[in-house]
Amino acid sequence: MNKTAIALLALLASSASLAATPWQKITQPVPGSAQSIGSFSNGCIVGADTLPIQSEHYQVMRTDQRRYFGHPDLVMFIQRLSSQVSNLGMGTVLIGDMGMPAGGRFNGGHASHQTGLDVDIFLQLPKTRWTSAQLLRPQALDLVSRDGKHVVSTLWKPEIFSLIKLAAQDKDVTRIFVNPAIKQQLCLDAGTDRDWLRKVRPWFQHRAHMHVRLRCPADSLECEDQPLPPPGDGCGAELQSWFAPPKPGTTKPEKKTPSPLPPSCQALLDEHVI
């Protein structure tokens, strides 16, 4: 499937999530041992943790949206990464969307983030902590040129390279989605230490943030992991294909009906949503 068709499918998936979703009616985590259920784009979570809003190492954006819930492994990853960044004097980590209290489908903006194992992190590390007003209405820093072929050299910083590398080297991380131009710059800057690049995957948009995804926890027996990324650093023909013009004759795919929820997620909705 060519990139244009993939883009249209991604847009349709995101558009489908614009419809009202019952998951928003669940305002607190569902009690129980932490269990990520289903797939990243069709699932839910029991026993989610709340990311502490107050931290000396990170700040949480758009707290009014209440998207700061996730599996305990995700909360620990954020705390681990932000502590590393702070210890290196790189700045404050800016945390975007995680998931809703019980996971599930958003009403817009995301097709995934449903099992408590995804988090968006801004690709900027302010040295001065943001004000409450800045956090509620964050200004994203677009690192990619208008033509989408490279990063903006005046905005690309070694600290951003290090932030992505630190996240990719974490044992629990399986994928990090960034814009193809950002992946390309990482490939140029990486030197001989390149194993971590395998986890960094080019994807549409993602011009100002990285989307980090963790592996399914071992004790979440109903969690569906993705296959591992292809071997290698992903800096060759696959990456370059993202910069090729779309093939003529690309047709818009038919709108897909959302897949049925995993039975455990449907049961959760039936119990907790009137």
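A Cβ is built for glycine as well, from the same backbone N, Cα and C atoms used for every other residue.
The Zn(2+) 1 binding site annotation in Swiss-Prot covers HIS110, HIS113, ASP120, HIS211. The Cβ neighbour count for HIS110 (Zn(2+) 1 binding site), using a 10 Å radius over every protein chain in view, is 20.
The Zn(2+) 2 binding site annotation in Swiss-Prot covers ASP147, HIS150, and the record cites sequence analysis as its basis. Other Cβ atoms within 10 Å of the Cβ of HIS150 (Zn(2+) 2 binding site), summed over all protein chains shown, number 17.
Neighbour density for CYS265 (disulfide bond): within 10 A of its CB lie 25 other CB atoms from the protein chains shown. If you look up Swiss-Prot, you'll see CYS44-CYS265 (among others) marked as disulfide bond, on the strength of sequence analysis.
Sequence annotations record features per position, and here Swiss-Prot assigns disulfide bond to CYS187-CYS235 (among others) based on sequence analysis. Neighbour count (other Cβ atoms within 10 Å of the Cβ, all protein chains): 16 for CYS187 (disulfide bond).
Long-range neighbours of CYS223 (disulfide bond) (same chain, six or more residues apart, CB within less than 8 Å of its CB): GLN35, SER36, ILE37, GLY38, GLY43, THR115, LEU117, CYS216, PRO217. Annotated disulfide bond per Swiss-Prot: CYS216-CYS223 (among others), in sequence order.
Feature annotation from Swiss-Prot assigns region 'Disordered' to 228-264. Counting residues of the region 'Disordered' (228-264) by DSSP class, helix then strand then coil, yields 7 helix, 0 strand, 30 coil.
The signal peptide annotation in Swiss-Prot covers 1-19.
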Candidate with the highest Cβ count within 10 Å, taken from the disulfide-bonded residues CYS216, CYS235: CYS216
Integer Cα-Cα distance in angstrom, ASP120 (Zn(2+) 1 binding site) to HIS150 (Zn(2+) 2 binding site): 21
Least Cβ-crowded entry, counting other Cβ within 10 Å, from the binding-site residues listed as HIS113, HIS211: HIS211
Cα-Cα distance linking HIS150 (Zn(2+) 2 binding site) and HIS113 (Zn(2+) 1 binding site), given in Å to the nearest integer: 27
